[in-house]
Amino acid sequence: MERHRARALGRDSKSSRRKGLQSAPPAGPYEPGEKRPKLHLNIRTLTDDMLDKFASIRIPGSKKERPPLPHLKTVSGISDSSSLSSETMENNPKALPESEVLKLFEKMMEDMNLNEDKKAPLREKDFGIKKEMVMQYINTASKTGSLRSSRQISPQEFLHELKMGYTDERLFTYLESLRVSLTSHPVSWVQSFGHEGLGLLLDILEKLINGQIQEKVVKKTQHKVIQCLRALMNTQYGLERIMSDKRSLSLLAKAMDPRQPAMMADVVKLLSAVCIVGEESILEEVLEALTSAGEERKIDRFFSIVEGLRHNSVNLQVACMQLINALVTSPDDLDFRLHLRNEFMRCGLKEILPNLKGIKNDGLDIQLKVFDEHKEEDLSEFFHRLEDIRAELDEASDVYSMLWDTVKETRAEGHFLSILQHLLLIRNDRFIREQYFKLIDECVSQIVLHRDGTDPDFTYRKRLDLDLSQFVDVCIDQAKLDEWEEKASEHCKKFEKECTDHQETQAQLQKREAKINELQAELQAFKSQFGALPPGTKIPLQPSVEGEAGPSALPPAPPALSGGVPPPPPPPPPPPPPLPGMPMPFGGPVPPPPPLGFLGGQSSIPLNLPFGLKPKKEFKPEISMRRLNWLKIGPNEMSENCFWIKVNENKYENRDLLCKLENTFCCQEKEKRNTNDFDEKKVIKKRMKELKFLDPKIAQNLSIFLSSFRVPYEKIRTMILEVDETQLSESMIQNLIKHLPDEEQLKSLSQFRSDYNSLCEPEQFAVVMSNVKRLRPRLSAILFKLQFEEQVNNIKPDIMAVSTACEEIKKSKGFSKLLELVLLMGNYMNAGSRNAQTFGFDLSSLCKLKDTKSADQKTTLLHFLVDVCEEKHADILHFVDDLAHLDKASRVSVEMLEKNVKQMGRQLQQLEKNLETFPPPEDLHDKFVIKMSSFVISANEQYEKLSTLLGSMTQLYQSIMGYYAVDMKKVSVEEFFNDLNNFRTSFMLALKENIKKREAAEKEKRARIAKERAEKERLERQQEKKRLLEMKTEGDETGVMDSLLEALQSGAAFRDRRKRTPKLKDIRQSLSPMSQRPVLKVCNHENQKMQLTEGSRPHHSINCNSTRTPVAKELNYNLDTHASTGRIKAVEKEACNAESNKKKEMELLGSVAKSESVPEVEALLARLRAL
């Protein structure tokens, strides 16, 4: 009781002193020319106690009065404050030491809530200016009486009362008084309390939450603790302290209770502010706190937030939507944002959204609009990412590598392996496999890409909704496709047969025309020698063999024929005689030893070049270039109809092309040639050891043969006699020819016919087969008959491929243009060398284009050529399609074709001779002569066609090789086609590599741009969060939470990822509290520009007599901390019309001070903040 009585007496004495202080007349403002009285301060007493007093200076009347705080202990420092103040007023402050002035100056700047950016220019000022500022600050504070009233309740007193552990109405009263103190006192007071007070507040909140007491006073107290935390977070210091304490976030998450809408609205707003200001780690801590609270209550972590949306309180609904937007828009990772949004949808947000959109509330409409816009932007970004994946990952190996990197060493690795293993079990049928994969693709797409934007919940019906209608339609279409493919295959075979018949007909026509020409030549020769026969003369017919040999015996015939009939080789042209002396002059002055030592040799070249050839242009590149090592073809190696006679490569000459060629294939860097020693591989022929066919060995081979067929010996003999192709196989005849004994052994074995039963099986078989006369020739003929059709079918396509390829090469315009372009580039690159001014080159040199590297070793001449064709000569690229049969022709050996056809002809001749000398059949089953005679007739017809086709093919490849001046003595047909096919393959590969290179460059460019954009967004996000914390134009550290909540309410706190990041001016206009007031919408727009311009200007000097308009300070709309509305509107009106001129600022300040009785300390604070 005594203790409470002492406290009551202390309160009475305090109240009496407070009344006495308030009754004293306030110091009025002085006129500009009037001398101010000196301050009487005791310099020695201005120690740390005085620094504490500066920390507690506040503006009277600008904050709400605090309710009386009961049961507080009296503090001895209270009685000392008045005496100390009176003592300091009596002394001269000018005698204050420099160190004390600097301490007071630092304490003054801290009490003014200046950050380090604002403190730095002030610290650089002259000591006299600092001292004058301190004196003015002390003088103003002492006159207003704030020094005498600032020590009424200290932070230590609040800490002491919080430690008492009250849980009744007294605690509620303490917390209400604490909330007002945290709101009204400066930052230094808040820092002094928050160092230990934050932990005490969290302890109280934890005790109230875990107490499970549903009394009304407990819930009111819990709400009051939340309000105290909000007041503490209204400063930058308090916000940083709470964000750094994990327990605070956990307790705030546990305090969310939809049954208390007012308290939950405050809690949700605080968490929203933390989310938009904090880094990714803070967001993770908030989510972790929500998860822990949900697990403790055994509910989903977002259940309380969604339940808050179901409440009838619109304020709570707006706050919950703010938190949802803060959580969903804060992460940088798209997948994480989609995951959080989908989780909210599953918790019931999807069903609530239509109801929320029906509520008419501006704040709620803003939050719903932010949610919808960010949802659409994320979905659009997600679809674009899928399109990029489809466009870039077109290789199955790249997709597999990405998937494997995603799942390896995770729990999903086993499932991924199981999926692959199941895919291997699909039936190995090309049609069925495709349908399986389509069905699997449909299932996977429905699982991972749900149409409504939410994760599919398969636990509801335990099944997957799969639309098989499209799959059935595909199966029907596939059946139709199979039918059409079968018909197309039949037509293709018919077309190939028609082409073959056409070529055969053409070949026969050419052969007969040649025969006609030959006969006409013989007739003309005969007439010229013997003259015309008289009419009616009969000439006896001679054998054809003698008639054919007649013309060759006539010496004069060839000269006579040269004028009438063109021979296969053209006659030597007249120009060749002077050509032996022309090889050196042909090159002009290019070779080191100039030919014949004359300067005018170049002008005489056109007179001696054959077939109207003109000398090639001599190029002189500005820098030395890499050489194209091609094989040069001279004019004397060309024929009149040669391709190189007609080329005109100058039409492709382009200065841009030549400059690009120079830059790419210059020789500024020495080319490092790696000399690789190629050792010739010695072909080691395996020498087959000669086998000695002894009787035991022959018997063993026959035993193996007979055991594999299991056919009676007599039946085998009958099959051979009858030439039964239905039962005789090629392998069977080959084995018989290989393993049968020779004729002498067969004859000797025939003597043991009487002892047949006593012989072993091989000998019995040999005895049976000894009765067949001329067994080996018979077997060889049967084998030839069995193989003939197959040989014809193998030879015909090869002849067709070579013939078609020759025609394609000659007809391809793209290939001709390509050769002209290569000739131009090669002559330019070889300028100044022995290969310069070339009329043509060997086609085998095309394969060497890929061996010519660029100066930077990053590309080749072939890739450069492909690039030029793609850019300017796209029609050249079609030559790849024009030479469709070149690949097959390159695999054909013309030499082997000719050998096979000749071998076939020899076998037919041998068969005809054997049939002529074959003995008459003695056995009724012997049908060899009959069947073989008919076979020989049909085979001869086939052979004649093959011979004709082969001759036509020979003429075609000889013509095409002569057309391109290819020396057939040095280059075979196989090499010619192989070189062209290798070049064609290399060209297609270079084309693909160029495309991949461009795609890789584009991909790298997109990745670089994306990385730069992400880095830019990260920096902008940091700046934005920094601006959210420093919302005031003058850097005030108070009102942080008010500004954040204002930004949340207006939607400006949620950054737009797809639009441009707003500038600092736009952000301040959108986040400033005065921009939300419609009454100031017009004037603030212009005033903000003025403030930013002034605020961004560096201050190199300070005028102590000038003041700045405290725009940001007076335009803070906090009803608990500001004066009357009329005065605020007056200050706002004056602020909107303020000028940057010093004179108008002074007039404005004077008018405000006179009309609204603004204390002088406010003008001083505004002046100091402006400095």
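Residue 1 is the first one shown; counting continues down the chain.
Even glycines carry a Cβ here, placed using N, Cα and C.
Under the heading phosphothreonine, Swiss-Prot lists Thr47, citing similarity to another entry as support. What Swiss-Prot lists as phosphoserine is Ser56, Ser154, Ser604, Ser1072, Ser1157. According to Swiss-Prot, the compositional bias 'Low complexity' annotation covers 76-86. Residues or ranges marked as domain 'GBD/FH3' in Swiss-Prot: 93-455. Residues annotated as coiled coil in Swiss-Prot, with sequence analysis given as evidence: 373-403, 478-533, 887-918, 988-1038. The annotation compositional bias 'Pro residues' is assigned in Swiss-Prot to 553-596. If you look up Swiss-Prot, you'll see 1036-1066 marked as domain 'DAD', on the strength of sequence analysis. Annotation comment: Swiss-Prot describes 1162-1171 as motif 'Nuclear export signal'.
Cβ atoms under 8 Å from those of the coiled coil (887-918) belong to residues 774, 777, 781, 784, 788, 791, 795, 797-799, 801-802, 804-806, 928-929, 932-933, 936, 939-940, 943, 946-947, 950, 953, 957, 972-974, 977-978, 980-982, 984-985 of the same chain, restricted to positions at least 6 beyond its ends. Cβ neighbour count for Ser154 (phosphoserine) (all protein chains, 10 Å cutoff from its Cβ): 20. Confidence for the coiled coil (478-533), expressed as mean pLDDT, is 80. Ser154 (phosphoserine) falls within neither a helix nor a strand when secondary structure is assigned with DSSP, and so counts as coil.
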